[in-house]
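**Q** According to TrEMBL, the protein has these features:
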DOMAIN    59-144  domain 'FtsX extracellular'
DOMAIN    181-302  domain 'ABC3 transporter permease C-terminal'
TRANSMEM  21-43  transmembrane segment
TRANSMEM  178-203  transmembrane segment
TRANSMEM  224-245  transmembrane segment
TRANSMEM  274-297  transmembrane segment
Amino acid sequence: MIAGFFRIVKFSFQEIFRNMSLSIMTVLILILMLLSINTLIIVKVLTDESITAVKNQIDVSIYFNPEATEDEITEIRDYVSAFPEVEQENFLDRDQVFEEFKKNYFDNDDVLSSLNELVDNPLGPTLIIKTRDPKDYEKIIKALTVPEYENIIEAKTFGDTQTAINKIHAITTNVQKFSYFLTILFAIIAFIIIFNTIRVAIYTQRAEIGIKRLVGATSWFIRGPYLIESLLFSLTSVGVIYFLMNFLLKFLDPYVSVVFQKTDLLSLYFSQNIWMILGTEFAIVFLLTIISSGLAMRRYLRT
């Protein structure tokens, strides 16, 4: 049985070398299809990182009245902290707010000179809040917009970056649609090429196949080389795309790190998920090659 298996493998290699041009074309199309799939993965990683970066810039600043008492401020801080949506809060007392204000206007001599003339600090404390989701900010603001807090809270500001997030989604959606189109296109081309590769192989070996039948060869022995050929196409394409993606990610990472201030963002993601990515891609390619090979054999190889 083992000897028979090795003979099947030997015949499959013979088929590949006999139709070398078609074999190379098949592997090349499969590589392009996998490259499109990996492009979708890269786009998703960059999209998620972009949205995270934008969300991290969002916060609500609550400016307290300078006359607000410590108990009143503590009451509001406790009230806000009780919201499960609140992820982080940062409280700045009056002196800290004053110093931050001076830092923001360090290059404006008029503002600085005016501050120096003041006897008392005119600024009240500030509470900066970050929530788990940008949609939750509106809920926090509404909860604080009540009559009992009117004299305590002087103002509330919300840096709305939803427009930027929507633009990121719009751009990445278009890129993803184009990548999906390329993936489907290359999958169709690969299907047709593999189908024709098997068909040509069956046609050119019809005499040999007839002899095998006469001597009692099983259906598996006749069909086996074509199935092994599909497996070899899949393994080769996934292996090539692995090394190709390593090179591509090393090329892209320096440019990505400039934008997101993270070293080896793409390489790190792929290394952490390498087995899942390669396993899924191999399953997709192998399924495609098996289906196309099976249909070709069913149509042109009657046993």
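Any Cβ shown, glycine's included, is placed from N, Cα and C.
Heads up, TrEMBL stuff is auto-annotated, nobody curated it.
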**Q** Quickly jot the same-chain residues contacting the transmembrane segment (178-203) by Cβ under 8 Å, restricted to those at least six beyond its ends, or write none.
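**A** That would be 15, 18-19, 22-23, 25-26, 29-30, 32-33, 36-37, 39-40, 43, 209, 226, 229-230, 233, 288-289, 291-293, 295-297, 299-301.
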**Q** What are the DSSP helix/strand/coil residue counts across the domain 'FtsX extracellular' (59-144)?
**A** 43 helix, 18 strand, 25 coil
**Q** Kindly state the mean pLDDT of the domain 'ABC3 transporter permease C-terminal' (181-302) in the predicted structure.
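**A** Taking every residue of the domain 'ABC3 transporter permease C-terminal' (181-302) together, the mean pLDDT is 80.
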